[in-house]
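To start, the structure itself, in structure tokens.
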Amino acid sequence: MNELIRTLTQTWGPTSYEEGIRGVITRELDSLHVDCRVDALGNLIYCIRAPGKPKLLLSAHMDQIGIIVTHVDKDGFLRFGAVGGLDPYKVLGHRFVFANSTVGVAAVESKEHKTLEHLTLDKLFLDIGAASKDDALLHVAVGDFAVYAGDCVQVGNRVTSAALDDRIGCYVLMEALRAVVGKDLNYETYAMFSVQEEIGIRGAKVGAWGVQPDLAIALDVTAWGDTPESYVLDIALGKGPAIKVKDAGMVATPVVRDLLIEAAKTHGIPFQLEVLQGGTTDAAAIQTIANGVPTGVISIPDRYVHSASEMVDLGDVEGCIKLLVAVLLK
């Protein structure tokens, strides 16, 4: 089991509370002695200086999806809303953990719902084992955030865990930085570990304005099409990184998309082309700042996205690292 992947996925960090994961990343990369800063919104940005060369911004987001307490009833049960894109059927029956380590189980109003059909979040509640409202309020309050309590486990050459979206992208970016520091790069390279992606790609917009890049590449997970009766999507685990063509928020800039394809072909890295009908990434925000930024995406195929047990293939992860390094050293 890769211990860094385990640490990244098991560190508590919903949207706007990314300081824990930011601490993990800074401790890991401190030995590289690369310039870094944290902006006012919380983005962590590293820079490998190369004066006179084009500025390339790389981005992977630190935050994970979660829930927020909206009400505590007289019996101590918690009502909650989504922080990011949560499907009710993925939430039901799973454990959530708060910053203070309080754990609750997501359950449904059983009188109302015998099947998953028409299930909505407002029919779910969180049971933290409290005997009353006063008891519950000793542990949680309205406005508190919680995230999936999902273990990180290796199964064959794959890893399953909560928060692989996008801690696995953070891992790829960290490992690529380790591989290129001290080498001759084609770009002045900025590596941004962004905040608040899950509620509207907010951090990337702020961070990109601060960098003013000449081009950009985002690193994030994508959906899958290789399980029974799954999405109609030509993406599978184990077939390499996915180079984005389009998603619901952007069309990848052709020159950057082709740069990634050329690098993959030149270095013999298997890859897939991604056309995603829903969702988007930091790239959509970065692409539209200032006068516009040519932007592409390297995607990691990820089964069961936004669940407590997402799954990625370690070969795909390694391929993403190799592809990113190939672009930087090309």
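Keep in mind that glycine also has a Cβ here, set from the backbone N, Cα and C atoms.
Heads up, TrEMBL stuff is auto-annotated, nobody curated it.
Among Asp214, Asp220, Asp226, the residue that TrEMBL places alongside His61, Asp165 at the Zn(2+) 1 binding site is Asp220. Here TrEMBL has Asp165, His306 binding Zn(2+) 2, and the candidate from Glu198, Glu262, Glu274 in that same listed site is Glu198. Other Cβ atoms within 10 Å of the Cβ of Asp220 (Zn(2+) 1 binding site), summed over all protein chains shown, number 25. Same-chain residues that are not part of His61, Asp165, Asp220 yet have a Cβ within 8 Å of the Cβ center of the Zn(2+) 1 site turn out to be Ala60, Asp166, Gly169, Glu197, Glu198, Leu219, Val221, Thr281, Asp282. It is 14 Å from the Cα atom of His61 (Zn(2+) 1 binding site) to that of His306 (Zn(2+) 2 binding site). Close to Asp165 (Zn(2+) 1 binding site) in the fold, though at least 6 residues off in sequence, lie Gln64, Ile65, Asp220, Val221, Asp302, Val305, His306, Glu310, each with a CB less than 8 Å from its CB.
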